[in-house]
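> Input: one structure, supplied below.
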Amino acid sequence: MPWGPLRDLFVEVLLVTPSIRLTDAEVRRGGRTLWTGLDLDVEPGEFVAVLGPNGSGKTTLLTVLLGLLPLAVGTCEVAGRAPHRGSADVGYVPQQTSMDALTPLRGRDLVGLGLDGHRFGLPFRGRAERARKVREALLQVDALDLADAPVGALSGGEQQRLRIAQALVGDPGLLLADEPLHSLDLARQRAVVELLERRRREHGTAVVFVTHELNPVLPVTDRVLYLVDGRFRIGTPDEVMTSETLSELYRTDVDVVRVRDRIVVVGAEDRLVHTGGGPR
Amino acid sequence: MTYSLLDLLALDFVRNALVAGVVLAVLAGLLGPLVVGRGMAFSVHGTAELAFAGGAGALLVFGTEAIGWGALIGAVLVALLFGALGRAQRERDSVIGVLLSFGLGLGVLFQALYTGRSANKFGLLVGQIVGVDVGDVLTLTVVGVVVLVVLAVVRRPLLFASLDPDMAAARGVPVRALSIVFAVLLGVTVALGVQIVGALLVLCLLITPAAAAAQVTASPTLASVLAVVFAEIAVVGGIVASLDAGLPISPFVASIAFVIYLVCRALGALRTRRRVAVATP
């Protein structure tokens, strides 16, 4: 087949490898199917918000993309390859957790763990390079002044900035964020969203953003993946966030109201309560 | 004063004791920050009591030669169990409390049944560092080197898994496997510590120096270095002082470590106040 390699080259040059490619994906946890038949391509630089009630499998999607949970059915590719543990292609920002006051870590240490904390062996090689990368990541989130501060003594917003630096230090093409705005005040939320927005604009990093609250990220969201009880809808916020679509997803009357630049969902509140556990 | 110290150092048993103490303090100082970071101070105490029970049981059944093995088996088994308990603090604490008191009871029973030299009995509780012989020192050094090598290989992921467990799991660090590895390292160190400073003082070497270091630095490397230095000061100072005074080693090691802790706490409070003062001009 003389044209085989040529075709491959053509495909490689003209088509950009998607950051994520999920094909007919099904996930099961504890014998229960969370969602099935999910097809999703996320392009570099795209911002996808993942919404839905608790237990709908939002975080599980991230677990799959991190390579920690295999799909029951279908295929998953991250940057053109099967996801694997500790991949440098993927950065992860967890929900904000407070760190113990006497945790023996400084800002630079926390960020550094994101770079090579998963590697075994002696850390003798590439120390200067490591320090440079950590510095660069701190600079990206305006946190150079936190480099030597004990992480336990920092505020929630400062810790979250370090978390983002920790996720970015490996220069990932894909950033997964799990409720990173939770328990941050409005100003801090805005700062975090601005950071992610800048990152994807300047570095083409795709962002998958799990959240229960779309409004803080609405201006930067390209597409929404809305999951409810195994049903889902993918589209732009205007396509998905309508009374009709959400009523179908929730199988009950849901009203979606636009108030200025905010979207208010009425009728599904009891399913959207965020505090741990939730209705199911 | 100086000449008496030099005279003491000329004695074999003093040299053995010092070498054993130095090796033990290195291990304790390196593991200590991880113990503190993982919130495992109480399980170290539990592990020490079970090492005591294992040692006392071995002494009763097999004689003095077997104490080391008994302590090792008791400590490693229970450390593995504690390592597998997971991170729910309350449940963990109560299980440790249950096993600790049971182990202590067993140990006391074994000791009551033992009819040999009473020094053999008390050594396990309060330490018998002057009874350390060349064979003990050799064993301790070999085990110490093995622990150091393992620690060097797993240190970064272990630190990650200990201080930032959710993130470490997300990055693919084998958090559970590492907690088992850590449990074995801890069990071995505690078993050695029980034979030298005694079950009651193992905490004093594994916790106090690390807790003191955590007060004055947030750098993980510096915390380890300081914890080793503090443990060395306590052990070597304790041995020399106890020989000089003709009293058991335990109170001296404990007192020196405690004073170091108090000083570090004061320094830490000062440091925090300065930081607050800078932050709010």
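Including glycine, each Cβ sits where the backbone N, Cα and C put it.
Below are the features listed in TrEMBL for this protein:
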- B:13-35: transmembrane segment (TRANSMEM)
- B:67-88: transmembrane segment (TRANSMEM)
- B:95-114: transmembrane segment (TRANSMEM)
- B:134-154: transmembrane segment (TRANSMEM)
- B:175-194: transmembrane segment (TRANSMEM)
- B:200-218: transmembrane segment (TRANSMEM)
- B:225-243: transmembrane segment (TRANSMEM)
- B:249-268: transmembrane segment (TRANSMEM)
> Using a Cβ cut-off under 8 Å, which residues of the same chain at least 6 positions beyond either end of the transmembrane segment (B:175-194) come close to it?
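24, 27-28, 31, 34-35, 38, 40, 44, 47-48, 51-52, 54-55, 68, 71-72, 74-80, 82-84, 124, 140, 143-144, 147, 150-151, 154, 157-158, 161-162, 165, 168-169, 201-202, 205-206.
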> Can you find at least 3 Cβ pairs under 8 Å between the transmembrane segment (B:249-268) and the transmembrane segment (B:200-218), where each pair is 6 or more residues apart in sequence?
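Yes, the transmembrane segment (B:249-268) contacts the transmembrane segment (B:200-218).
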> Give residue numbers and ranges for long-range contacts of the transmembrane segment (B:67-88): same chain, 6 or more residues beyond its ends, CB-CB under 8 A.
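Non-local partners: 40, 43, 46-48, 50-59, 95-96, 99, 103, 120, 124, 136, 139, 165, 179-180, 182-184, 186-188, 190-191, 194-195.
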> For the transmembrane segment (B:134-154), give me same-chain residues lying six or more residues beyond its boundaries with a C-beta closer than 8 angstroms to one of its C-beta atoms, as numbers and ranges.
12, 16, 19-20, 23-24, 26-27, 30-31, 68, 178, 181-182, 185, 188-189, 192, 195-196
